[in-house]
Amino acid sequence: MPDRLTSSSNERALRAAYRHCRRAVRRRDPVEYAVMQLTPPALRPAWWAMWAAFAAADDIADDPGTDRAERAARLHAWTTQLDGDLAGGRSDDPVRHALVDTVHRWDLDLGTLHRSFTTLAADTGGREFATWAQWSSWVRGTNHSWAVEGLRLLARAGVHIPLWLDRTESYRRYLDGLYLTDTLADLGDDLSRGELLLPADVLASFPGAEDDLRAGRYTPAVRDLVSHLTGRARHWLHQPELLGGLPPGPAVVFDAATRLFLARLDAVDAAGGKLLHQPTVPSRVTRWRLLAPARAQTALARRLLSCPVDHRTPPPPAESRGTVVVESGPVTSPPPHPGGARPPSLAPGELPRHVAVIMDGNGRWATQRGLPRSEGRREGSTAVREAFHGALELGLPYLTLYSFSTENWKRSTDEVSELFALCREELRTHRFAQYGVRARWAGSPEGLPEDLVDELLRVQHETRHQTRLTLTLCLNYGGRAELTRAARALAHRAASGQIDPARIHEADLAAQLSLPDLPDVDLLWRTGGEQRVSNFLPWHAAYAELHFTDALWPDTDRRDLWQAVTAYTHRRRRFGSAPRVPEQPRSSAPAPV
Ligand code: IPE
Ligand code: IPE
Ligand code: MG
């Protein structure tokens, strides 16, 4: 019994240690954190621990509040304690505790990491570089050991990254590009500590820039210097040939990381004077745009290639934003229909896999009653719950709801903001996970209130492991915009040599859509009497069966969904083929879905 208590308190301490590291990365470097989160979940704690350990040692090495001797002594003490902790298998310091666990768990080589600490210790007196060559050699001394151990970690997890000897210089240049980008993005922070981590010769070629930088002045000389440096970093990072030969999962992560760092350089160029006072990160919208497809692709790659790492998973740090993550578990049945109606009994083979709904007629419902239009949408939220409860009772795997189109921005500001407020409220109060619903969002964050975007992403994250029904909310969604984004992404990949334009197939375009795994729509149902599709899921609904009903959305309930599905089971789907034998009128024969 005492053993069990000890082991559970150890486990708690370990969770807390990893949680501490995770918070450190997320707060200080959201871009690198986002890249780490693209890797298989079992590996993420190890990245957080390694990142946090490097940051902790680096902070000691350039702490402006202490003198050189003290910095050197503190760093020495820190690394000595690390060795002791490693021998004892645990530490009182959360960062070292997590690192020790990571080193043991993955059998990493602490000796390699010591090389990085030694380089840091050597320059506790201040870092100055005369030339790019000196700068590079310092960067390599401090950073490469982490890259080497990162590769070792991947190899231990069964993810083998092939390295080519004749690309050694390219790898180094790439890492220099990452570091130069970091340096530029954190220029303000370094300057506030009196540090300017750039070679003297490059500073000298922009007369006046160094003095201006140190005085916190953003002048034309500084701007030209910064744009020269972002150009150099872009050149180092842009090496599409490095993607060649990488396995699919790592290729997506590498590609996404590169794009994020390039976006960070764009943000540095655009930051103007702010660059000297605050860290520069790409906007949330840009990050989201780059990460959403990468997240879907890495998840898909993980599903396709079984990842052999799970047995090494450390106790997962609980979500640290105060929200409760409800993982898959026993799910509750949805509340029954108020009138006691039961779903039609349809065989699983008859059911459509994916039903998409245009919930139209809210405005008219309200106007007919002399109410403001937004009241119709409020009333419609009961019908939304009815629809997804009905989908659960029926056993539908995918339900997609059109909540706000990119064209709906043409409505009055009041109507739009009330609608967003209502969506936010619905997201906050819905208990998707309780019913086993994985809720996802398709659409663009552009123009949406940040807290609504946060709410959508939160719900998406919290319900990601649910499997009973996938409910996709199309909010600020436009079908043409989605296709245009996908075409742009493909054009980008073709222009950078990653794909051959002559070999672009439908699946390649589908892979660039917001939710690449969303299946084709089998049944598209629109309420409110209009017979059009209003820019809704043009790719997925190319072969959908269409079903239009007159009822206004707030007047519908789950029985209307069941009727739509029953009508669908009477359709004959041919997908371009001709019937072999003359067709008989159908009553209840299964539909060839
Ligand atoms: C659809 O209902 C919901 C949204 C577009 C947000 P409408 O608001 O279009 O309702 P009608 O068509 O004007 O009645
Ligand atoms: C489609 O309805 C959009 C949503 C239901 C969210 P609209 O009412 O905006 O469509 P149109 O403009 O009448 O085609
Ligand atoms: Mg309408």
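Numbering starts at 1 and runs along the chain as displayed.
Using N, Cα and C of the backbone, Cβ positions are placed for all residues, glycine too.
Please treat TrEMBL annotations as automatic predictions, because they have not gone through curation.
Of all Cβ atoms in the protein chains displayed, 20 besides its own lie within 10 Å of the Cβ of Asp360 (active site). The annotation active site is assigned in TrEMBL to Asp360.
Look at TrEMBL and you will find Asn408 tagged as active site, proton acceptor. Around Asn408 (active site, proton acceptor), the same-chain residues at least 6 positions away in sequence with a Cβ under 8 Å from its Cβ are Val416, Leu419.
Look at TrEMBL and you will find Asp360, Glu545 tagged as Mg(2+) binding site. Sequence-distant contacts (6 or more apart, same chain, Cβ under 8 Å) of Glu545 (Mg(2+) binding site) comprise Pro352, Asp522, Leu523, Leu524, Tyr568, Arg571, Arg573. DSSP assigns Glu545 (Mg(2+) binding site) to a strand segment in the three-state reduction.
Long-range C-beta contacts of Glu407 (substrate binding site), restricted to its own chain and to partners at least six residues apart, with a cutoff below 8 Å, comprise Gly478, Ser534, Asn535. DSSP gives Glu407 (substrate binding site) a helix state. Feature annotation from TrEMBL assigns substrate binding site to 361-365, Arg373, 405-407, Trp409, Arg411, Arg526, 532-534.
Residues or ranges marked as region 'Disordered' by TrEMBL: 308-347.
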Check your understanding: What is the separation, in Å, between the Cα atoms of Arg532 (substrate binding site) and Asp360 (active site)?
Key -> 11
Revision key, fill the gap. Top of the binding-site residues Gly361, Ser405 by count of other CB atoms within 10 A is Gly361
Revision key, fill the gap. Cβ contacts within 10 Å for Arg411 (substrate binding site), all chains included, total 14
Point to revise | Listed recorded positions with Cβ under 6 Å from ligand 3, out of Asp360, Trp365, Glu407, Arg532, Glu545 | key: Asp360
Practice item. Taking a cut-off of under 6 Å between Cβ and any atom of ligand 2, tell me which of the recorded positions Gly363, Asn408, Arg411, Ser534, Glu545 pass. Key: Asn408, Ser534
Exercise for review: Report the binding-site residues (Glu407, Arg532, Ser534, Glu545) that meet this criterion: Cβ distance to the nearest atom of ligand 1 under 6 Å. Use sequence order and write none if nothing qualifies.
Suggested key: none
**Study point:** Neighbour count (Cβ, 10 Å) for Ser534 (substrate binding site)
**Key:** 14
Exercise for review: Give me the Cα-Cα distance between Ser405 (substrate binding site) and Asp360 (active site), rounded to a whole Å.
Suggested key: 11
